[in-house]
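Listed features, source TrEMBL:
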type	residues	note
DOMAIN	B:140-202	domain 'CBS'
DOMAIN	B:203-260	domain 'CBS'
TRANSMEM	B:288-310	transmembrane segment
TRANSMEM	B:316-339	transmembrane segment
TRANSMEM	B:360-380	transmembrane segment
TRANSMEM	B:386-412	transmembrane segment
TRANSMEM	B:424-447	transmembrane segment
Number of protein chains: 2
Amino acid sequence: MAIEVTSEFLEQLNEYIAQNKDAAIKKLFDEVHYADIAEILDEVSFDDAIYIIKLLNSEKTSEILTELDEDIREKILENLSAQEIADEIGEMDTDDAADIIGELSDERQERVINALDDEELAADIKELLSYQDNTAGALMAKELVKVYETWTVAGCMRRIRGQAKDVTRVHSIYVVDKEDKLVGRLSLKDLIIAKSDQQIADILKDNVDAVNVNEDDEEVAKIMAKYDLEAIPVVDDNNVLLGRITIDDIVDVLKEEADKDYQLAAGLTQDVDSDDSILQLTKARLPWLFLGLIGGIGAFIIMEGFQGVFEKYASLFFFTPLIAAMAGNVGVQSSAIIVQGLANNDVKGSINSRLLKEMFLAALNGFILALFLFLFVWIYEGSINTGLAISVSLVAVIIVAGLIGTFVPLFLNKRGIDPAIATGPFITTSNDIFGILIYFLIAKLILGI
Amino acid sequence: MAIEVTSEFLEQLNEYIAQNKDAAIKKLFDEVHYADIAEILDEVSFDDAIYIIKLLNSEKTSEILTELDEDIREKILENLSAQEIADEIGEMDTDDAADIIGELSDERQERVINALDDEELAADIKELLSYQDNTAGALMAKELVKVYETWTVAGCMRRIRGQAKDVTRVHSIYVVDKEDKLVGRLSLKDLIIAKSDQQIADILKDNVDAVNVNEDDEEVAKIMAKYDLEAIPVVDDNNVLLGRITIDDIVDVLKEEADKDYQLAAGLTQDVDSDDSILQLTKARLPWLFLGLIGGIGAFIIMEGFQGVFEKYASLFFFTPLIAAMAGNVGVQSSAIIVQGLANNDVKGSINSRLLKEMFLAALNGFILALFLFLFVWIYEGSINTGLAISVSLVAVIIVAGLIGTFVPLFLNKRGIDPAIATGPFITTSNDIFGILIYFLIAKLILGI
C-alpha cells in the first residue's frame with residue numbers, strides 16, 4: 001500500500017526539476033501521500049525541497065511541513081516569507097500550527113500571527129503558545145465538536161454538520177452547559193441511533209474523563225493508554241472546555257519518551273539521530289564518555305593503591321575487567337527493571353522490600369557465576385585460595401552493584417528527578433569504582449595480605 | 001479524574017469481603033473504571049480476586065480480564081469453568097477474546113469455544129487463532145462497519161444503526177463490492193454531511209490504505225504511525241476485507257517493542273518486570289551475565305599474556321578498567337544510535353559511509369578524551385612516554401569500539417536479525433576484549449617493550 005520512494009521516482013523528479021516542468025512535477029506528486037513527500041524532501045537537495053514546497057498548493061504542503069524532520073523544516077521556514085508561512089499555517093490543525101510557530105523566533109512568530117487572515121485561528125494559536133511545554137495545553141488542539149445540553153438530536157446533527165467540517169476526526173462530541181463547562185460526551189454513533197426529537201441532556205454520557213490544561217503530557221499519555229481513550233477533552237480549573245488531545249499525539253509522546261529513556265541508557269545526553277552532524281553527535285556523546293574517563297581514573301588510583309599485592313597475586317589484577325564488567329552489567333539490569341517499572345507504574349511496596357529482593361536475586365546470580373569462576377581459577381591457576389578470594393568478592397560485588405542499581409533510580413524518583421538518568425554510564429561508572437574497591441578489599445582479607 | 005486506589009478503599013473492600021456483603025461490594029465497584037478494578041485485583045489476595053470476579057457481572061469482568069496482568073489472569077482462568085470463561089468471552093471484542101483464549105491449553109481452548117452460544121463469534125475466534133503470532137491477522141478484530149457500494153446514504157445509515165451496536169468505536173466505514181473486496185472507505189462524518197439519496201459509490205474515498213493479513217505487526221504499527229491512521233482495514237491476498245486494526249492495539253505494539261529494545265540494551269533476555277519472581281528474574285538476567293563472565297575470562301587471559309610488562313609499566317594494568325569502560329561506552333552509544341535509526345527507518349546511505357562517519361566521530365571524541373588522559377598521566381606519573389602510549393591506544397580503542405558498535409547492528413539488520421540484540425552486554429563484552437588487546441599491543445609498540 002505505502003508507496004516506497006524508488007530511485008526511479010527520484011530520477012524522474014530530478015529530471016523534471018532540471019527542466020522546470022512544473023506541471024509534470026505537480027502531477028508526479030498528485031497521488032503521493034504527504035508523509036511520503038516529506039520523506040522525498042529529506043532525500044533531495046535543499047534548493048529542490050524549497051522549489052517543490054513553493055510549487056505544491058498549501059493544503060498539501062501544510063501537511064508535509066508538519067511531517068518533516070525538524071532540522072529541514074527550520075531551514076525551509078527560513079526561506080519562506082511570513083505571509084507564506086501564514087498561508088501554510090492557515091491550513092493546519094491548531095496544535096500543529098502552534099508547534100510550528102513555536103519553532104520560530106519571537107519576532108517572526110509575531111509577524112506570522114499578524115499575517116493570518118483568520119482572527120479566530122490567530123487567537124487560538126496565541127492561546128496554545130501560552131501554555132508551558134510538555135503540558136496538556138501545549139499538546140491539545142482547539143478543534144472539537146461541542147454541543148449544548150439543551151439542544152435536540154436533530155438540532156445537534158444540523159449544527160454538527162457545520163462544525164465537523166473543520167475537525168479532521170470526530171472522536172467524541174462534547175456536551176457543555178451554558179457556561180461552557182463540560183458536562184458529558186456523546187459519540188456520533190449515539191447520535192445516529194438516537195431519536196431525532198430527544199434532548200442531548202437525556203442521551204449524554206456523564207462519566208466523561210477530562211484532564212486539566214496544566215497536566216503533564218506523559219501523565220496524559222498514561223491515562224489515555226490505561227483507559228484506552230482515543231481522545232480526551234482538556235479543561236481549565238473551572239471545568240470549562242478548552243480543547244482536546246487525540247491519541248495520535250499521544251503516540252508521539254510515548255515514542256519520544258521511549259526514545260529518550262533508551263538514549264539515556266545508552267549514554268547519549270540529548271536527542272540525536274544517526275543523520276546528525278559529527279559536532280551534534282559529539283555534543284551528545286562526549287559528556288558521558290568524560291564521566292567514564294573520570295571513573296576510569298578513579299579505578300586507576302584504587303588499583304595503584306593495591307600495587308603491593310601484585311607480586312604474589314598478579315592474577316587479581318587480571319580479573320579487574322571481569323569484576324568491572326559484572327558490576328556494570330548487574331547495575332544496568334537492576335536499574336533498567338526499576339526504571340521501566342516506574343514508567344509503567346508497577347513498582348509497589350517499600351524501597352526496603354525492593355532492596356531485600358534485589359539482594360536475594362543478586363546473591364543467587366552471584367553464587368552461580370562465582371561457582372563457575374571458582375572452578376576456572378582453580379583448574380587454570382591451581383590455587384584454591386585465589387579462586388576462593390576472587391569468587392567470594394565477585395558475589396559481594398554483584399550484590400552491591402544490584403543494590404546500587406535498585407536504590408539510585410528509586411531515590412531519584414522520590415526526589416522528583418527522572419530515574420532514567422540512573423541507567424547507562426552513570427551506573428556503570430560508579431559500579432566500576434565501587435566494584436573494584438570492594439573486590440580488592442575482600443580479596444586481600446581472604447588471602448590474608 | 002482517574003480514581004486513585006486509596007488504602008481507605010482497600011480497607012473498606014476487605015471489610016466487606018470478610019463479612020460477605022456482596023451487595024455492598026458490587027456497589028463499591030459500581031462507579032470504578034474496569035482498568036482501575038484490574039489494578040485493585042493486583043493488590044488483593046488471589047482468593048479475593050476470584051471472589052470479586054465471580055461476583056461482578058460478566059459485562060464488567062470481561063473488560064477487567066483483558067486489562068489484568070497476564071500472570072494473574074492465568075491463575076484466575078484456571079479457577080473458572082469453561083462455561084464461565086465462555087460467558088466472559090462472549091462480552092469481549094473478538095481480538096481480545098482470541099488473545100485470552102490463545103493463552104489457554106489446546107484442550108481448554110476447544111472446550112471454551114464449544115461452550116460459546118454465539119456460533120458466529122466462535123467462528124471468528126477460530127479464524128483469529130489461526131493466524132501466526134505478530135501478524136496483522138493476530139492483531140485485528142472482526143468487528144467493523146461494512147457497507148456495499150451500491151447502497152444509498154439513507155439505506156446505509158439504517159443498516160449501520162444495526163452493525164454499529166457491536167462496534168465499540170466506529171473509525172471508518174469500509175465499502176466493499178459484491179465479492180466483499182475492499183473498494184473504499186467513508187467516515188461517519190462523510191455520511192452525516194452527505195445527502196440521503198446519494199449512492200455510496202459516489203461519495204466513497206477510494207484511496208483506502210489496507211494491510212495484508214500476514215503483514216508483520218511492527219510494520220503495521222509503523223504504517224499507522226507514519227500516516228496518522230486511527231484504524232486500518234486488513235485484507236487477504238485477494239483484497240477481501242477480513243477485519244480491522246485500531247490504534248489502541250498499535251499503542252500496545254509500540255510499547256512492547258520499545259520495552260523489548262530497552263530490555264535488550266540493559267541485558268535482559270526476556271520480558272520481565274520488577275514484580276516477577278526471583279527465579280524468573282534470574283532466568284532473564286543470568287545468560288547475559290554469563291556472557292560477561294566469559295568475556296572477563298577472555299580479558300584475563302589476554303592480560304596474563306602481557307604479564308611481563310608489569311614490572312616496568314605497572315600503570316598500564318591500572319588503566320585497563322578505564323580502557324574497557326571507554327570501549328564499552330562508545331560501543332553502546334554508536335550501536336544505540338544505529339538501532340534507533342533502523343527502528344525509525346532513517347538510516348540511509350551505504351554501510352561504508354556510516355563507518356567512515358563513525359570513524360571521524362570516534363577519532364574526534366577519542367582525541368579530546370586522550371588529551372585529557374595524557375595530561376593526567378604526565379602530571380601524575382611524570383612520564384611523557386607512558387602518557388603517550390596510553391593516550392594513543394585510547395584513541396585507537398575508541399575508534400575500533402565505535403566501528404564495531406556501528407557495524408554489528410547494520411550487519412545483523414542486513415541478515416534479517418533484530419539489531420537490538422547488538423546493544424548492551426553483547427557490544428560491551430566484545431569491546432572489552434578487543435579494547436584491552438588493542439590497548440596492550442599499541443602501548444607495547446610505543447614503549448618499545
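Placed from the backbone N, Cα and C atoms, the Cβ positions cover glycine too.
Over the domain 'CBS' (B:140-202), the average per-residue pLDDT in this prediction is 83. Under DSSP, residues within the domain 'CBS' (B:140-202) fall into helix, strand and coil as 21 helix, 17 strand, 25 coil.
Under DSSP, residues within the domain 'CBS' (B:203-260) fall into helix, strand and coil as 25 helix, 16 strand, 17 coil. Tertiary proximity for the transmembrane segment (B:386-412) is limited to same-chain residues at least six positions away from its ends with a CB under 8 Å from its CB atoms, namely 313, 315-316, 319, 322-323, 326-328, 330-335, 338-339, 342, 347, 351, 354-355, 358-359, 361-363, 365-367, 369-371, 373-378, 418-423, 426-427, 430-431, 434-435, 438-443, 446-447.
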